Structures are given as structure tokens and as C-alpha cells.
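Accompanying notes for the structure given below.
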Amino acid sequence: MENVPNVYFNPVFIEPTFKHSLLSVYKHRLIVLFEVFIVFILIYVFFRSELNMFFMPKRKIPDPIDRLRRANLACEDDKLMIYGLPWMTTQTSALSINSKPIVYKDCAKLLRSINGSQPVSLNDVLRR
């Protein structure tokens with residue numbers, strides 16, 4: 001056999017001499033600001049109504065029973081009557097759930113048991 005020279009490979013390490021400018025924070029401030037701007041735009045687009053509800057004052061919803069607070073109950077014989085409703089000028093019969101007038105044998109005694117000798121307002125009955 002011929003005499004073949006042996007070749008030996010030695011690892012060579014080259015130390016980088018350039019600086020890693022791509023990893024620098026100072027160079028990419030605008031990119032970070034742009035990303036933050038995009039995030040705020042996306043939050044606004046997808047959560048607009050929630051943000052509006054959070055920052056706007058709550059609307060006060062009127063209580064429908066407030067209109068009935070001035071109404072009073074009275075008895076006419078055994079019939080329960082209601083007067084003082086804002087949309088009615090006369091005394092009308094109080095109606096039950098099935099739209100029939102409420103007739104009770106001892107109507108006056110029932111009203112006295114609720115509020116004594118004071119006039120019985122509809123609010124007194126609704127709070128019980």
C-alpha cells in the first residue's frame with residue numbers, strides 16, 4: 001500500500017467580533033410601541049361596549065312602583081277601592097289577578113289591621 005498521509009481535523013473556534021445589535025432594546029423601541037398600539041386597537045375593537053359601560057355613568061332606571069306610592073286604598077261597602085293613581089282621576093275598584101273586583105266581607109277591618117286609623121297607601125300593602 002502506498003503511504004497515504006493522515007489528515008487531522010482540529011476544531012477551530014472563531015470568536016465573533018461583531019456586536020449583537022439585533023438584540024438591543026434601544027433599537028426596537030418603535031417596534032414595541034407599535035405592538036402596544038396594535039394591542040390597544042384590538043382591545044378597543046373587541047371590547048368597545050364593555051369599555052363604554054365601564055366608563056359611562058350608570059343610567060338610573062325608574063322604578064315602576066314609584067308611580068303608585070301616592071295611591072291609597074279605601075273601602076266602599078265590601079268593595080276595595082283605589083284612588084290617587086296618576087293616570088286616573090276618579091276612584092276605581094281594585095282588581096285581583098284575574099281582573100275581577102276585590103270584594104271582602106270585612107274590608108274596613110282589614111284596612112285598619114294594616115295601618116291602624118291612618119289611610120292605607122298602596123305602598124304599605126306592597127311592602128308587606
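The backbone N, Cα and C atoms fix where each Cβ goes, and this holds for glycine too.
The local packing around Cys75 (disulfide bond), expressed as other Cβ atoms within 10 Å of its Cβ over all shown chains, amounts to 18. Among the features that Swiss-Prot reports, disulfide bond is placed at Cys75-Cys107, with the record citing similarity to another entry.
Sequence annotations record features per position, and here Swiss-Prot assigns topological domain 'Intravirion' to 1-30 based on sequence analysis.
According to Swiss-Prot, the feature topological domain 'Virion surface' maps to 52-107, an assignment based on sequence analysis. Counting residues per DSSP class in helix, strand and coil order gives 10 helix, 15 strand, 31 coil for the topological domain 'Virion surface' (52-107).
Residues or ranges marked as transmembrane segment by Swiss-Prot on the basis of sequence analysis: 31-51.
Confidence across the topological domain 'Intravirion' (1-30), taken as the mean pLDDT and rounded to a whole number, stands at 72. Within the same chain, residues at least 6 positions away in sequence whose Cβ sits under 8 Å from that of Cys107 (disulfide bond) are Cys75, Asp77, Asp78, Lys79, Leu80.
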